[in-house]
Protein chains: 2
Amino acid sequence: MKNKKMAPIGVFDSGVGGLTVAREISRQLPYENIVYFGDTARVPYGSKSQNTIIRFSEQIIRFLRTKQVKAIVIACNTASALALDAVKDEFDLPIIGVVIPGARAAVEATTNGKVGVVGTEATVQSGMYTKVIQGMNPKIEVIEKACPLFVPLVEEGFKEHIVTREIIEYYLESMRNTDIDAMILGCTHYPLLRSKIREYMGDKIQIVNPAYETAMDLKRLLEEEEMANDETTEHHSEYSFYVSDAAEKFRKFANTVMPFDVPTTNVVNIEEY
Amino acid sequence: MKNKKMAPIGVFDSGVGGLTVAREISRQLPYENIVYFGDTARVPYGSKSQNTIIRFSEQIIRFLRTKQVKAIVIACNTASALALDAVKDEFDLPIIGVVIPGARAAVEATTNGKVGVVGTEATVQSGMYTKVIQGMNPKIEVIEKACPLFVPLVEEGFKEHIVTREIIEYYLESMRNTDIDAMILGCTHYPLLRSKIREYMGDKIQIVNPAYETAMDLKRLLEEEEMANDETTEHHSEYSFYVSDAAEKFRKFANTVMPFDVPTTNVVNIEEY
């Protein structure tokens, strides 16, 4: 079993957003090795169809398997919402997404049974957060809202620009007028706008970032399956980063997110998998 | 030669933007048949690398060849700037892009020899508009500016929102402070913001949309090569539309752009080409 325990965790996302999940895994599971894949040639996923998201996810999982991963974390909300069920049936290794952990955190956070979810168009159209939350507690009311401009605003560095406040108001005004008391940031880019969203929505709402809960779920899974890496002495965990395009741009961004130096990023022709 | 003359023109773009070019071709060359491909599974191209844009363009051209096209128009500025030279060498059929026609129109439009170009990050980084314009007239000064948020603003229907005016100001303030007298809309989405850009930039600047000149160039090419369709009597030109994802969303958008009804759009797994 030693080999399997030392095998890496595969983490993937449509691009850089999932690095926030990888960072959380590195904090909670410091002895685990990680192979990260960002699909930068085909980003974004949030405006694309379920069939396409499933096909992309299958290719990435086939690639990650060549790296002998012991488990896979889908760090992208859109792929978690649209592809998790399909790929879990298809592949014979543990795969977890971010939607179920995020939903559970919101169910625990709400006291009045009213939860808001913000995400990409594809995530919101899937209604997956509502299904999962109401599967846990059918009495909870869920209000979902797609905020498609949040991702380009983050990617183009508009976080501090006045228009970001106006676009937050445009998308979230109707949600602020409800009495939700918990809100899921259902896209890995959105935590990067967290302080602006918090400022607009006020202090009474608990903001849930699924990354933290996802890392907790992964920890539980590895323990249950007896796959956790217990080579804790003199072990430096290894992280490797792969993308489908623009490796240098990714590497620079990764260095602003990860708590250690990311020296290299490799390009993979993901369509061949 | 009759068969060849009746063969369609292949037109492709990263998504819906190139429909403005197809529309211009349909106006100027009403007897030509068109096969359009929009790469909606991998849109946008403007933030991706040259190698990736070339690979995507090669796959699309291989697909269009299966439709027996007699010539190809790259209706996407990014692919024209980054991939035209590579694919012209590789494929044995006439291929034109939008950059050279757009550059020529600007060279003709400017009277003071100062031209502005707005486009995606990839187009501007390539410096291709500057190279082509200065190849035509080395004395012309070219100022290029990437405006990456324009595409999502158009796609998300923010054209009339107050933030669009503010983002136009953010990107174009420095250009307005120069004395350019012609400006190329170097991305097929930007003509959809034309009136707002005109409002901000003022009446003294000639705004150049490469779509018109591209259709003119195509007409000249077909005549020179004796490939123009002269089956002008009782001929209804045939248009077919293919995408790599989300056909129905594309079809709806196409119906707002094209001057006739677009009844069907077909999905192609473009990675197989």
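Yeah, the Cβs are placed from backbone N, Cα and C, and that goes for glycine too.
Annotated features in TrEMBL:
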| type | residues | note |
| --- | --- | --- |
| BINDING | A:Asp13, A:Ser14, A:Tyr45, A:Gly46, A:Asn77, A:Thr78, A:Thr188, A:His189 | substrate binding site |
| ACT_SITE | A:Cys76 | active site, proton donor/acceptor |
| ACT_SITE | A:Cys187 | active site, proton donor/acceptor |
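Distribution of TrEMBL features across the structure.
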| residue | record | DSSP (3 states) |
| --- | --- | --- |
| A:Asp13 | substrate binding site | strand |
| A:Tyr45 | substrate binding site | coil |
| A:Cys76 | active site, proton donor/acceptor | coil |
| A:Cys187 | active site, proton donor/acceptor | coil |
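Same-chain residues with CB within 8 A of the center of the A:Asp13, A:Ser14, A:Tyr45, A:Gly46, A:Asn77, A:Thr78, A:Thr188, A:His189 CB atoms, the substrate site residues themselves not counted, are A:Gly15, A:Gly17, A:Gly18, A:Val43, A:Pro44, A:Cys76, A:Ala79, A:Thr120, A:Thr123, A:Val151, A:Cys187. Note on A:Asn77 (substrate binding site): other Cβ atoms within 10 Å of its Cβ, all shown chains, come to 36.
Residues A:Asp13, A:Ser14, A:Tyr45, A:Gly46, A:Asn77, A:Thr78, A:Thr188, A:His189 are the ones the record ties to substrate, and the longest Cα gap between any two of them is 12 Å.
A:Asn77 (substrate binding site) sits 5 Å from A:Cys187 (active site, proton donor/acceptor), counting Cα to Cα. In sequence order, A:Asp13, A:Gly17, A:Gly18, A:Leu19, A:Thr20, A:Val21, A:Ala75, A:Cys76, A:Asn77, A:Val98, A:Ala211 constitute the residues six or more apart from A:Thr188 (substrate binding site) in its chain with CB-CB distances below 8 Å.
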